[in-house]
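Chemist: One structure follows; several queries about it will come next.
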Protein chains: 2
Amino acid sequence: MRRGIATVCLSGTLEDKLAAAAAAGFDGVEIFENDLVVSPASPAEVRRRCADLGLSIDLYQPFRDFEAVPPPVFEANLRRAERKFDVMEQLGTDTMLVCSSVSPDAVDDDDLAAAQLHELGERAARRGMRIAYEALAWGRFVDTYDHSWRIVRRADHPAVGLCLDSFHVLSRGSDLSLIRTIPGAKIFFLQLADAPRLHMDVLQWSRHHRLFPGQGAFDLTAFVGHVLATGYAGPLSLEVFNDVFRQADPHRAAVDAMRSLLGLAESLGEPAIAAPELTGHAFTELSVDETTGPQLAAALSAMGFACTGEHRSKPVQLWTQGDARVLLNATGGPAEISALAVASADPVRSARRAESFHAPVLPREHRADEADLSAVAAPDGTAVFFCRDGWLSDFTPTGAVGVTSAGAGLRGTDHVSLTQPFDNFDEAALFYRTVLGLQPDLPTEFAAPFGLIRSRAVTNPANTVRIALNVALLRRGEWAPGVPDPQHIAFTSDDVLASAKAMRAAGAPLLEIPANYYDDLDARLAPPPDLLAALREYSVLYDRDEHGEFLHFYTEVLGSRVFLEVVQRIGGYRGYGAANAPVRMAAHRRLRLARRSG
Amino acid sequence: MRRGIATVCLSGTLEDKLAAAAAAGFDGVEIFENDLVVSPASPAEVRRRCADLGLSIDLYQPFRDFEAVPPPVFEANLRRAERKFDVMEQLGTDTMLVCSSVSPDAVDDDDLAAAQLHELGERAARRGMRIAYEALAWGRFVDTYDHSWRIVRRADHPAVGLCLDSFHVLSRGSDLSLIRTIPGAKIFFLQLADAPRLHMDVLQWSRHHRLFPGQGAFDLTAFVGHVLATGYAGPLSLEVFNDVFRQADPHRAAVDAMRSLLGLAESLGEPAIAAPELTGHAFTELSVDETTGPQLAAALSAMGFACTGEHRSKPVQLWTQGDARVLLNATGGPAEISALAVASADPVRSARRAESFHAPVLPREHRADEADLSAVAAPDGTAVFFCRDGWLSDFTPTGAVGVTSAGAGLRGTDHVSLTQPFDNFDEAALFYRTVLGLQPDLPTEFAAPFGLIRSRAVTNPANTVRIALNVALLRRGEWAPGVPDPQHIAFTSDDVLASAKAMRAAGAPLLEIPANYYDDLDARLAPPPDLLAALREYSVLYDRDEHGEFLHFYTEVLGSRVFLEVVQRIGGYRGYGAANAPVRMAAHRRLRLARRSG
């Protein structure tokens with residue numbers, strides 16, 4: 001299948017967009033009219049540029065408000081079309097997208113619409129071109145694909161066919177089965193977009209919130225399956241209007257877009273390197289410097305971790321407790337999560353899959369006797385390692401008890417939470433979905449003291465790998481008094497209260513939770529008085545969903561933006577304690593202020 | 001009327017919010033529960049803090065999902081309420097907001113709802129408290145104010161009354177006349193919010209897009225007029241959920257909020273310093289340095305301006321052509337619009353009004369024999385001067401011809417266009433509305449090459465003062481290749497083609513518009529061939545609306561972000577050529593790239 005992208009998906013001038021689409025490996029583009037209009041390159045020059053870049057021009061779009069109009073308007077519209085055919089001729093493209101009319105000039109008359117489209121088809125055919133008619137979901141009279149198909153049939157012209165756009169079809173909740181009744185040869189073009197489920201005006205939904213396939217809630221696999229079953233053999237072409245993508249680096253967005261089509265192709269049964277099973281979090285690496293290194297080491301120690309290994313060739317310490325493992329990498333820089341490692345049933349294949357999904361492979365230096373860990377860069381720059389147990393032998397045991405000691409009762413890693421760069425939140429969810437084969441949850445939103453936060457977790461089926469992705473709903477400005485871009489690692493305990501008690505006794509820098517929280521918790525969820533008293537005493541937070549309970553506590557911020565969490569899931573609790581996050585954020589902010597003034 | 005604000009309107013911790021509300025002069029606050037829950041201050045401490053700040057606590061909110069539930073849930077809800085009464089007692093506040101239920105536990109039974117609210121009223125009364133029942137616009141069974149009033153009447157308890165919220169009432173398009181039938185004493189609380197007209201789920205509309213009164217499309221004056229006619233004597237209290245305000249500096253947002261209530265009070269007939277008539281743009285001042293000063297002077301000169309005056313005591317030049325006046329202020333810094341001056345029928349009163357609306361008054365140095373121009377700072381930092389003709393005598397005439405010369409045919413200033421800081425776009429529209437008495441148009445949105453742009457003009461009734469406010473729909477990130485925060489001055493010409501010709505002949509740095517634009521213009525609007533040829537020859541752009549036509553052209557960017565425009569309005573054209581802005585933006589970007597690589 002050929003892969004295309006509409007220039008409107010990407011930010012920048014036409015020149016920026018074409019370069020980005022070609023670099024990401026697209027076969028063709030749809031030229032969005034406005035992108036051409038603002039360009040100093042003539043259509044003939046654009047044609048040559050595309051040829052040089054190896055891009056076909058698959059569609060010229062959009063041509064609006066054409067059909068079902070009174071004769072004088074029809075004459076003017078034909079003139080307008082001929083001018084655009086002139087442009088298309090120079091561009092060397094043969095298909096024009098005609099959207100169903102939203103004009104007040106239009107009348108509700110399918111016969112007239114069909115007759116006028118027939119005439120347009122006649123004009124197009126004379127020039128070796130064709131018309132792809134599309135029902136906009138907010139078209140004045142034609143707003144469903146089946147209606148547009150009735151009109152195309154009635155137009156009865158070989159140069160008049162359909163354009164199907166997944167957004168327009170799926171946003172209307174249309175019955176998809178009728179698609180299979182359309183002859184594939186009459187589907188002239190296929191545009192793809194995903195979207196979150198939103199309850200809003202469909203025009204606004206379409207113009208602002210479309211996403212690349214796999215980032216939203218639509219079942220693109222089913223939709224495209226129906227279309228391919230007709231024998232459609234044209235390109236799968238993305239047409240995504242998205243406020244963020246419109247102003248983000250087009251080179252990154254184009255790679256994200258290509259990854260979405262690779263994921264879609266896999267879901268449609270195209271051969272791909274299958275994602276090996278991931279079995280858990282192997283380790284999380286923190287980069288530390290002279291100040292934060294000792295701070296993290298002291299905190300881990302007080303939390304029951306032991307430094308059980310020193311890397312053979314690098315300034316990296318391994319800290320362990322049960323199956324919870326943290327590397328402190330003294331490469332300098334403030335404390336931040338520089339890498340997360342997932343245990344893979346087949347690390348080599350995981351890495352090959354990642355590469356096939358255009359994940360940037362990170363260069364690695366290792367000695368001949370050390371494990372060759374493959375790593376790719378996630379959208380936020382975090383290194384993602386695929387490993388099995390072999391990597392542990394790169395560390396010289398210190399002799400410290402750790403792996404076998406009880407410590408403070410930590411068993412392993414529950415999740416890693418990473419704030420994403422604003423432009424890359426949807427890209428990140430798709431990255432983890434395609435590259436690692438994880439499943440994104442539905443995105444959620446909550447009000448934090450300094451603005452709204454979007455959150456979306458990606459998990460494996462066994463829930464042994466959990467990565468929580470967070471981003472401010474709006475890019476932060478100057479008033480940003482919270483912890484900047486916080487990151488944390490959450491460890492599991494089977495008895496979070498006992499863990500908290502042990503860690504407090506050992507002097508761990510645990511976060512104090514205010515009394516108001518417990519008064520509110522009592523009012524809201526009324527936990528048993530003994531439990532409430534214990535939660536209050538140890539500054540442990542509590543949440544509940546229909547599946548189970550969640551007890552958790554936090555450390556203070558260590559360095560500028562990293563902290564640690566200990567969690568206990570009772571029953572099948574699925575969340576991450578989002579209801580309690582604002583309490584944590586306000587507490588972290590207070591400490592920050594106190595330290596600045598202290 | 002007492003003025004209040006809900007803490008949820010402002011960003012930060014409870015401590016930040018209270019300080020900001022007090023500094024802006026509010027009389028009281030609504031404590032939003034989550035703000036208290038995350039605070040380390042006990043309710044008694046919050047009470048003392050508010051007392052120290054001179055703030056009353058007028059409401060505790062929200063209490064959700066209380067009424068019309070089966071007995072066991074009712075018992076639990078009463079327990080929950082008692083816990084919150086405990087908090088209110090310590091806070092020293094007596095009114096609790098109860099929102100209509102959205103719970104799946106609730107049943108559609110007004111009698112049960114009324115009976116349970118009666119019991120809650122009984123409990124509240126025992127503690128000297130009362131219940132303000134509010135219909136959420138998305139309440140499960142109670143979603144209009146008249147329905148909530150029926151239930152309150154049926155509850156028939158002195159401690160059970162209504163809370164009216166302008167958003168919930170106006171978003172539903174309810175008939176307002178019924179409000180006057182409610183006894184004022186039964187309206188326990190009044191919450192105010194404006195909003196733009198959006199076609200979306202009312203819950204999302206409410207949670208993300210509320211605005212302060214005067215910033216949106218709702219008729220708050222009519223609504224509050226009805227409520228005050230009942231004899232309601234409680235506070236006018238703002239409750240605004242807004243994505244931007246939630247993460248913006250709370251001190252600024254609180255001043256903006258207060259300004260909205262001052263504007264509302266004026267519209268309700270409270271005494272205010274009336275806004276004097278504004279008669280035009282007196283001048284626009286550009287700050288320039290050693291590089292940009294000569295660049296601007298050369299451009300103005302080639303555009304037919306003459307340097308007609310030198311300031312008596314400051315390094316400021318006056319450039320004039322007809323009634324178009326530009327000051328070049330050599331105070332250093334890159335070229336930017338540092339001030340705009342409006343001609344006022346009464347500058348002293350304009351300044352007094354500005355101050356009464358909390359506009360920051362700028363300190364001015366002037367000699368005894370110079371005009372005492374009053375200036376205030378607009379939200380983007382631009383100085384706004386109020387003046388009459390006297391200010392011209394501060395300039396020593398150079399003897400150059402200018403005011404009387406034809407120059408290149410410019411007559412005056414059509415508009416000044418200012419990119420606003422992201423956090424202050426709605427604040428700015430309200431600032432110009434209240435402080436200057438200008439009228440904001442409806443906001444518009446258009447797609448620019450590097451993202452969506454929101455635009456909103458403020459004008460005087462005679463359209464002799466026009467200020468266009470622009471902002472990126474999302475705060476710009478790193479991929480920002482366009483001109484950063486562009487600003488421009490648009491001058492009027494009665495023959496824009498002749499002006500363009502003259503300026504080109506004089507070597508003015510005019511912006512070249514690509515041929516594709518004219519091909520598209522021909523297809524879209526089909527201007528007469530002679531006109532089209534002339535537009536194309538002189539790189540003049542063209543637009544048309546139902547009132548008239550618009551011809552305009554631009555200079556290149558002078559310095560880092562300023563450019564100039566010449567416009568001709570034919571007939572009653574009302575816009576600003578937004579359809580052509582993307583062409584200009586792409587052209588400016590090309591020049592920028594060419595100069596970087598050149």
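Backbone N, Cα and C define each Cβ position, glycine as well.
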Chemist: For the divalent metal cation site that TrEMBL describes with A:Glu134, A:Gln191, A:Glu239, which of these is also annotated: A:Asp105, A:Asp108, A:Asp165?
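Modeler: Answer, per TrEMBL (divalent metal cation site with A:Glu134, A:Gln191, A:Glu239), from A:Asp105, A:Asp108, A:Asp165: A:Asp165.
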Chemist: Please state which member of A:His311, A:His358, A:His488 TrEMBL lists alongside A:His415, A:Glu565 for binding Mg(2+).
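Modeler: The record-listed residue among the candidates is A:His488.
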Chemist: Excluding A:Glu134, A:Asp165, A:Gln191, A:Glu239, please set out which residues of the same chain place their CB within 8 Å of the center of the CB atoms of the divalent metal cation site, keeping sequence order.
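Modeler: Everything else in range on the chain: A:Leu97, A:Cys163, A:Leu164, A:Ser166, A:Phe167, A:His168, A:Phe189, A:Leu190, A:Leu192, A:Ala193, A:Ser237.
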Chemist: Give me the count of other Cβ atoms within 10 A of the Cβ belonging to A:Glu565 (Mg(2+) binding site).
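Modeler: I get 20 for this one.
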Chemist: Using Cβ-Cβ distances, find the residues under 8 Å from A:Gln191 (divalent metal cation binding site) that belong to the same chain and are at least 6 apart in sequence, listing them in sequence order.
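Modeler: Within the chain, A:Gln191 (divalent metal cation binding site) has Cβ neighbours under 8 Å at A:Ala6, A:Glu30, A:Glu134, A:Cys163, A:Leu164, A:Asp165, A:Ser166, A:Phe167, A:Ser237, A:Leu238, A:Glu239.
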Chemist: Excluding A:His415, A:His488, A:Glu565 themselves, which residues in that chain have a Cβ inside 8 Å of the centre of the Cβ atoms defining the Mg(2+) site?
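Modeler: Sorted by sequence, the hits are A:Asp414, A:Val416, A:Ser417, A:Ala468, A:Ile489, A:Ala490, A:Phe491, A:Phe563, A:Leu564, A:Val567, A:Tyr576.
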Chemist: With DSSP as the yardstick, break the domain 'VOC' (A:412-556) down into helix, strand and coil residue counts.
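Modeler: Its residues fall into 45 helix, 51 strand, 49 coil.
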Chemist: Count the other Cβ atoms sitting within 10 Å of the Cβ of A:His415 (Mg(2+) binding site), across every protein chain shown.
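Modeler: Counting Cβ neighbours of A:His415 (Mg(2+) binding site) within 10 Å gives 22.
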Chemist: What residues, ordered by sequence, lie under 8 A Cβ-to-Cβ from A:His488 (Mg(2+) binding site) and sit at least six positions away in the same chain?
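Modeler: Spatial neighbours, sequence-distant, of A:His488 (Mg(2+) binding site): A:Val416, A:Ser417, A:Tyr554, A:Val562, A:Phe563, A:Leu564, A:Glu565.
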Chemist: Which of the three DSSP-derived classes (helix, strand, coil) applies to A:Glu239 (divalent metal cation binding site)?
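Modeler: SS state of A:Glu239 (divalent metal cation binding site) = coil.
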Chemist: When the number of other CB atoms within 10 A of each residue's CB is tallied over all shown chains, which of the binding-site residues A:Asp165, A:Glu239 has the maximum?
Modeler: A:Glu239
